[in-house]
Amino acid sequence: MNGAVAAAFDDGFTASRLFSQGFSYTYDDVIFLPHYIDFPADAVDLSTRLSRNHPLSIPCVASPMDTVSETSMAVAMASLGGAAIIHCNTIPARQAAIVRSAKSRCIPFASDPSFFAPSDFVSSAADFGSASFAIVTESGSSKSKPVGLISRSDWEALADEDYPVSKYMRQTPASIPSNYDFEQVAAFLAGEGLKMASLVGVDGEIIDLVSAEDVVRIRSFPKLGVPSLSPDGKFLVGAAIGTREEDKERLTHLVKAGVDVVVVDSSQGNSKYQMDMIKHAKNTYPSLDIIGGNVVTMAQAQNLIKVGVDGIRVGMGSGSICTTQEVCAVGRGQATAVYKVSSFANDYDVPVIADGGISYSGHIVKALVLGASTVMMGSFLAGSHEAPGIYEYQDGRLVKKYRGMGSLEAMTKGSDARYLGDTLKLKVAQGVVATVADKGSILKFIPYTMQAVKQGLQDLGASSLPIAHDLLRTDVLQLEVRTGAAQVEGGVHGLSSYEKKAF
Ligand SMILES: NC(=O)C1=CN([C@@H]2O[C@H](COP(=O)(O)OP(=O)(O)OC[C@H]3O[C@@H](n4cnc5c(N)ncnc54)[C@H](O)[C@@H]3O)[C@@H](O)[C@H]2O)C=CC1
Ligand SMILES: O=c1[nH]c(=O)c2[nH+]cn([C@@H]3O[C@H](COP(=O)(O)O)[C@@H](O)[C@H]3O)c2[nH]1
Ligand SMILES: [K+]
């Protein structure tokens with residue numbers, strides 16, 4: 001059995017035929033026909049590229065959104081072999097500090113502690129953020145000398161919470177160099193019989209606190225794969241910028257912080273503003289990989305490739321929180337967009353990121369097999385332990401906030417200039433504010449998701465992404481459009497009740 005034999009039957013459609021009929025197909029609209037298996041699912045290699053010069057061992061990228069990608073997401077994603085793109089809905093100095101913080105450690109977790117001076121007061125539990133401890137330094141900045149730490153539970157137990165932190169702070173715990181990896185941290189805590197230690201950078205700055213509890217938690221997750229490292233041996237971390245004049249200064253901050261790859265973040269990437277920014281970035285930092293987007297057509301992609309992008313982000317209006325297609329009547333079904341743009345970008349060896357619309361592992365298989373090198377996810381990751389923000393109860397369920405970067409709330413938080421400032425005087429949202437259910441740690445659910453993706457590729461007879469792309473482009477891969485009834489049939493149906501548990 002080989003491809004040529006399979007293609008001789010009039011079974012399904014080839015991708016080139018299916019995607020040239022004038023329909024905008026979503027992932028759910030299409031289904032692959034199975035091919036021939038001669039290898040186990042575990043033999044499927046998911047290694048890929050984020051951009052021209054950055055390999056990844058898994059095809060997962062966390063979206064540059066302020067409810068998705070900050071330090072914790074960046075270190076966990078890099079530990080898994082994927083990557084996160086730090087959002088730009090904050091001042092450049094803070095965005096650069098997040099990049100620096102992620103790149104300054106070698107462990108898969110971060111608690112993002114707050115900093116206080118001894119004379120400061122904690123006004124509410126929210127001052128701790130999502131961390132259980134906060135660090136006390138002489139001036140209250142992360143850069144000044146550490147003098148102690150305070151715990152959230154100690155503060156909550158105070159009879160009068162209106163004490164300065166100096167009244168109830170504990171001693172600074174023993175320190176560990178920030179370049180210790182997970183096993184070294186675990187060995188140090190166990191060897192010294194410690195519950196906690198502080199992670200300290202070369203310049204003496206406390207970066208974080210690590211605990212024996214963290215060690216136990218991480219050990220309960222699947223074994224980590226090959227991490228994403230930059231040539232300097234540190235975690236690979238990306239960051240987003242906009243297309244305004246002031247984003248040039250943001251770029252300088254990010255480069256100084258050691259950013260490895262920059263995403264120029266626009267909903268419509270085929271603009272003079274984006275071309276000018278890409279040219280500026282490539283001229284100023286020739287060795288820095290720049291990812292352009294978003295685009296959904298070959299013509300848009302061609303313009304980005306002309307100015308030298310190292311990766312293309314595909315998706316307009318396909319995101320779970322996106323209202324762009326409703327508001328602006330512009331966009332494309334994500335399956336069609338990924339197939340079309342990848343077919344074009346492949347000729348120039350530019351990797352494609354399929355951005356938005358991923359709800360489960362089958363969508364990831366579809367994005368990758370239709371030509372993408374990676375998938376970028378927002379809602380899929382936003383309910384995780386690693387996403388910024390704290391869990392809250394909603395109708396008895398734990399949820400985290402997830403919001404579109406074009407929602408009114410996000411726009412008025414940080415990206416004012418881009419939306420409301422110079423060109424648009426009237427605010428019109430292109431996104432919503434939402435919540436997503438608690439999903440636990442990405443260190444657990446991403447490995448299971450990748451196992452499901454391997455099973456999908458195995459069914460298609462593709463033991464790697466390049467082989468999957470080859471099957472697509474040599475017309476061996478067959479697919480069909482699913483009718484509404486076929487989509488119902490393909491889901492769980494006709495049961496009075498059921499429990500859906502994937503792993
Ligand atoms: N993938 C998607 O479907 C969508 C994503 N988003 C997300 O929302 C955020 C904001 O996206 P956008 O609205 O596209 O932001 P943007 O800043 O790229 O564009 C906002 C407006 O400002 C204009 N603009 C940009 N640079 C300019 C300059 N230098 N001079 C004058 N005008 C300029 C643009 O043409 C547009 O009208 C991003 O994080 C994006 O990823 C928003 C909508 C859709
Ligand atoms: O129309 C939009 N309005 C918004 O406010 C918005 N914010 C993010 N995005 C895009 O959605 C992607 C994440 O989508 P998912 O939640 O489906 O993974 C992201 O990666 C973005 O491409 C937006 N699109
Ligand atoms: K949408």
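Backbone N, Cα and C define each Cβ position, glycine as well.
Per TrEMBL, the candidate among Gln274, Gln430, Gln451, Gln455 that belongs to the IMP site alongside Ser320, Asp355, Gly356, Gly357, Gly378, Ser379, Tyr402, Arg403, Gly404, Met405, Gly406 is Gln430. Ranked by CA distance from Gly319 (K(+) binding site), the binding-site residues Ser267, Gly356, Gly378, Gly404, Gly406 have Gly356 at the top as the closest.
Comparing Cα positions, Gly406 (IMP binding site) lies closest to Cys322 out of the recorded positions Asp265, Met316, Cys322. When the Cα of Ser320 (IMP binding site) is compared against those of the binding-site residues Asp265, Ser266, Ser267, the shortest separation belongs to Ser267. Summary of the NAD(+) site environment: with the site residues Asp265, Ser266, Ser267, Gly315, Met316, Gly317 set aside, the chain residues having Cβ atoms within 8 Å of the Cβ mean position are Gln268, Gly269, Gly293, Asn294, Arg313, Cys322, Thr324, Asp355, Gly356. Of all the Cβ atoms in the protein chains shown, 25 others lie within 10 Å of the Cβ of Met316 (NAD(+) binding site). Note on the domain 'IMP dehydrogenase/GMP reductase' (25-493): mean pLDDT across this stretch is 94. Here Gly356 (IMP binding site) is positioned 6 angstrom away from Gly315 (NAD(+) binding site), judged by their C-alpha atoms.
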